[in-house]
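Engineer: Before anything else, here's the structure in question.
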Amino acid sequence: MSLVDVDGLSLRYGARTVLSRVSLSIAPGEIVTIVGPNGSGKTSLLRAIIGAVKPFQGRVTRGAGVTLGYVPQKLHIDETLPMTVARFLRLPGGASEAEIDQALAQAGVRDLSGSQLAQLSGGQFQRVMLARALIGKPDLLLLDEATQGLDQRGSASFYQQIEQVRRDTGCAVLMISHELHVVMSASDRVICLNGHVCCEGTPAVVASAPEYRALFGTGTGGALALYRHEHDHEHDHHDGCAHGQATEDRTEAAE
């Protein structure tokens, strides 16, 4: 039984088609990474899944009793507003101190409860946002460009924490990124989106490949991997995805 089923989903903003006939499903406990260029409809897909936008065609079906946790791409907090992490996590549902402590521990920032939001680093703030999403004990965790603005080491650390969250809680994870060449090595599936589903498959884990180490750097603990784009079709609408040749070009450039 799937947690979420997306069947033939099409979205339009005015006269512009953002998504066309997208179908996918998320099973309990799996990690799915959606990759694609800017403007490919990734965030729109997430918004449709959480019910923030209505489909033009198709439907999104959520399993009975399935709960979602959502980490947005960005959240602006007034830096002049004095607010501790604990106070932020209590809004708006009034989470208990025990629930806050557990969520912060699961996000890997147990000691930040009394810290001011305005004083957090980008990586710490993303962990706090993750903790906020985990308070409700979601069946499916959705993350929209969760590592945007983080350096490579920070991104790898965050990905590793997501793997730990899945192991600890059993929740499924749906992550999106615009970086076609970087995905979680722990992903069960990778879906390439560019207005429609271009392709999907498992990511290649490349821990020992020197050219990929040169591209992604060291110290990532295998959390970053390369997804090779190999398509057997041509696109009849939207701009084309970044295919295998583009990936190879990036690798050569990095060397």
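We count from 1, first residue shown onward.
Positions of Cβ are set from backbone N, Cα and C atoms, glycine also.
Checked Swiss-Prot, it gives:
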type	residues	note
DOMAIN	4-219	domain 'ABC transporter'
BINDING	Gly36, Pro37, Asn38, Gly39, Ser40, Gly41, Lys42, Thr43	ATP binding site
REGION	234-255	region 'Disordered'
Engineer: Minimum Cβ neighbour count within 10 Å among the binding-site residues Asn38, Ser40, Thr43: which residue?
Structural biologist: Asn38
Engineer: Can you tell which of the binding-site residues (Gly36, Pro37) has the fewest other C-beta atoms within 10 angstroms of its C-beta?
Structural biologist: Pro37
Engineer: Which site among Gly39, Gly41 has the most other CB atoms no more than 10 Å from its CB, taking these as binding-site residues?
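Structural biologist: The residue with the most neighbouring Cβ atoms within 10 Å is Gly41.
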Engineer: Using a 10 Å cut-off, grab the number of neighbouring Cβ atoms around the Cβ of Lys42 (ATP binding site), all chains included.
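Structural biologist: A count of 24.
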